[in-house]
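Q: Look at TrEMBL and you will find 76 tagged as active site.
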Ligand code: SAH
């Protein structure tokens, strides 16, 4: 009985501890660096990032950096997640496609704000773990597919926004095709191991126009069966 109480208290203490770390992360890493979108800040105050990283690195979950999640992949730095989410100007009626589920964190942040999130992961192991974790957190508006995100998700298209979290050398044409009229795409583009360009693309009157946003460094966009 005593042990049970001890465990309950420890769990409560830890939950509280992570909550204050998360509040501090939002304040120092996001607000102070210019993230303004209230929906994005609220979502990041809420999503338990520590429950989406491998257990042994949980204590580092709110650090100002990307972290390893297995298969040589990483969960992005909190700031870059906030920055990319803010760029698509998310609202509650949107349907969003994410390429590169990884830990599922970006998908969860989106799911707090928009109506439906479609997310694709190329590594089966990562995809399955993310699906389990996201289910455990109670998300019912995240649809996960394991496969090559190059092809997008034609059955669910068009999308109001597309966020790509791995860097291809060129923007995949199927993703441009699956963007709705007025839709926004945020995607890092560039060669592996080099500094890449974060590009914002917008489809207006059927035309896809892009502009450079900033320099970034993402893991490479992989291809299946090439
Ligand atoms: N959004 C993730 C970041 C993960 S890093 C998060 O919040 O944790 C990028 C992810 O893209 C990796 O998990 C990698 O396996 C995946 N990836 C790379 N190429 C891909 C492709 N062609 N299709 C789908 N996923 C891909």
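Backbone N, Cα and C define each Cβ position, glycine as well.
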Q: Hey, what's the Cβ neighbour count for the residue listed as 'active site' at 10 Å?
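A: Excluding its own Cβ, the number within 10 Å is 22.
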Q: Look up the residue listed as 'active site' in the DSSP assignment and report helix, strand or coil.
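A: Once the DSSP labels are grouped into three classes, the residue listed as 'active site' ends up as coil.
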